[in-house]
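Q: Dumping the structure here so I can ask a few things about it.
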Amino acid sequence: MVTKLEQLIAQTILQGFDAQYGRFLEVTAGAQHRFEQADWHAVQQAMKKRIHLYDSHVGLVVEQLKHITDQRCFDVNFLTRVKEIYTGLLPDYPRFEIAESFFNSVYCRLFKHRDLTPDKLFVFSSQPERRFREIPRPLARDFAPKGDLSGMLQVVLNDLPLRLPWENLPRDIGYIATALRQNFTDEQLATARFQVANELFYRNKAAWLVGKLRLADEVYPFLLPIHHNESGGLFIDTCLTSKAEASIVFGFARSYFMVYAPLPAAMVEWLREILPGKSTAELYMAIGCQKHGKTESYREYLTFVHQSSEQFIIAPGVKGMVMLVFTLPSFDRVFKVIKDQFAPQKEVSQTRVLECYQLVKEHDRVGRMADTQEYENFVIDKHRISAELLTELQREVPEKLEDLGDQIIIKHLYMERRMTPLNLYIEQANDQQLKDAIEEYGNAIKQLAAANIFPGDMLFKNFGVTRHGRVVFYDYDEICYMTEVNFRDIPPPRYPEDEMASEPWYSVSPNDVFPEEFRHFLCTDLKVRHFFEEMHSDLFHASYWRGLQQRIKDGHVEDVFAYRRKQRFSQRVIS
C-alpha cells in the first residue's frame, strides 16, 4: 500500500531535480552575455559553478529527506514503492532521463552506494529507449541555397542572436562558400539543405554554430566557430564539414559545451546524426550533462559485459606507480584504481590524487586531458577477472576490495576513455607517424601549460593517442597549476668535478623544475631527439615556461582551437 510519505519522498526528489536543472539552464543561458562581453574569466568560473550544481542539489535533497523521514531506515518494499511512484511521474516529464540519474544519486548518497539493485534505482531507464527520436519541437531551422549559396549564408549568419557587429561579414561568407565548394560539388550544393541549431554552443572563447548539411545520400556536419577580434568584432574562424572533425570538436578531452537545452534527450538525438561515432554517454557529457553521462557510461559498460565473455585484464603499457589500470580487451574504456601504497619515489598522498582528478574535472581540459567518471562500490563477477589481474588487485589495492564470494566490490575507481599509450605508439611508429606524434605531444604540453596546467610527470607513458591521432594526457597524480612551479635554469658548474658528481651542485626546492632536464628523459631515442629539437626545443628552456607563467599572471586567457591552426581562414590560402 502506497502511503503519503512515499509520495512525498518521490515528489521531493523530482522537485529537487527541477531546481537543479533550472539553475543549470540559468548558468547556461548566461553564456551569450559572457561571450559578448569577452569575460573569459567569468566563462571559466561559470563552467566550474555549473559542474558543482548537481552534487550541491543532491546534498540539499538528501538533507530534506532526512528531515522528512526523521532519519528512519526503511525496508526493501518501501524503497521499491518510492521508485515506482517516481517512475509514474516521468512519462510526461521532459527531462526524464536525467531525473532518473538524479534519483540514483540521491539514493547512493543516502545509502552509501550500497545495495544498488534495479528494483531500488534506475540501473537502466524506465522509459522507452531514445524516446525523443521524434523531436517534440524544432531544435533547428532549415535553409536552402536555391542557387545563391552566399545569399543563404548571409541569412544564416544574420539570423544569429549575437548582438555584436561583424568584423567583415562579406569576407567570411566568401571564406565559408569557398570552403564548401572545396569539399562538395556545385551540383551537390545546389540541392543541399542546411539545418542550423537554434542555440549556439559556447565553449572557451568561441560560440559555435552547429548545423547539418543534408545531401541526397549523406548528412555532413556544418560547424562554424565564431570568435572576437581585439576590437570586439565577430569573425568566423573556419568551416568544418567532416564527421572526424566534428568528433574532435565534441571530443572527450574537451570542456563541456554550454548550450541551452531544456530537452537534453532531444538535443542528443539531433546531434547523433553528425556524430555517429559518439556514444550516448559522450553526447550527454558534451552538452554538460556529465552526471547523466556517467549513468550512460555505466549502462554501456553493463551492456558490453552482458554481450561478451571477455575477462578483465591488466591494461597494456607500463604499470603505474600510483594507479592500477585494467580493462576488457575489446572495450573502449579503462578502469583506474588508486593503489593502497605508492612507489617510494612518489611523494603524493591518496587525498592529493583525488584532488588532482577533481581539478581536471573542473578545469578547462583544452582537448588535452581525458575526462573521467568516478564510481564507488563497483561490482564485478569474479569469474570475469583474469588470474593475473585478481592477483594484482589483491596485492595492490586490498583495502579497496570487498570479497562477496562470486563477486568483488572495488570501493572506488575511475572509468576513462581507452587510448594507445604514447610510449607504445612511438615504438611501433614509422617516421611520419613518429614526427606527427612528437608534434602532437609538444602541442599538448604547450596547450596545457597555456591553460595553467603543468603535467608534472611528462614521460610518454602518461599520454595516450586517440583514434584521431591526437595526444592526450591521462595521468594526473602529479598535476599542478603552472603558477605553483618555479622554473629554473641549471646554474653553471663551479668546478669541472661538479658535472661528474652524483648529487647536484645546486640547491633544489620541492617546486623547482629544470626544463633542461626534459631533454635527457624525453630524447633518449635519436629520431625522437631530432623531431623534438626541430619542433619543440623551446620546451627545454626555463625562459619559455616563465613567459607562459607571466601571461597567466597577467590574466591572459589563451585561444583554444578544436582544429589545426592551418585550418583557420586566417592561416590558409583560399583559392
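From the backbone N, Cα and C atoms, a Cβ is placed for every residue, glycine too.
Copied straight from Swiss-Prot:
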- Ala315, Pro316, Gly317, Val318, Lys319, Gly320, Met321, Lys336: ATP binding site (BINDING)
- Asp371: active site (ACT_SITE)
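What's the neighbourhood like for each of these?
A: In the three-state DSSP scheme, Lys336 (ATP binding site) is classed as strand. In the structure as shown, the Cβ atom of Lys336 (ATP binding site) sits within 10 Å of 23 other Cβ atoms.
With a 10 A radius on its CB, Asp371 (active site) counts 26 other CB atoms from all the protein chains. Under DSSP, Asp371 (active site) is assigned to coil, being neither helix nor strand in the three-state scheme.
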Q: Could you measure the widest C-alpha to C-alpha distance across Ala315, Pro316, Gly317, Val318, Lys319, Gly320, Met321, Lys336, the residues recorded as binding ATP, and give it to a whole number of angstrom?
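A: About 15 Å separates the two most distant Cα atoms.
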Q: Around the Cβ of Lys319 (ATP binding site), how many other Cβ atoms lie within 10 Å? Please give the count over every shown protein chain.
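A: The answer is 14 other Cβ atoms.
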Q: Measuring Cα to Cα, tell me the gap between Val318 (ATP binding site) and Asp371 (active site) in whole angstrom.
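A: Distance between the two Cα atoms comes out at 21 Å.
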Q: How big is the gap, in Å, between the Cα of Lys336 (ATP binding site) and that of Asp371 (active site), rounded to a whole number?
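A: Rounded to a whole number, the Cα-Cα distance is 13 Å.
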Q: Which one, from the binding-site residues Pro316, Gly317, Gly320, has the smallest tally of other C-beta atoms lying within 10 Å of its C-beta?
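A: Relative to the other binding-site residues in Pro316, Gly317, Gly320, Pro316 has the fewest Cβ atoms within 10 Å.
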Q: What is the separation, in Å, between the Cα atoms of Asp371 (active site) and Lys319 (ATP binding site)?
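A: About 20 Å separate the Cα atoms of these two residues.
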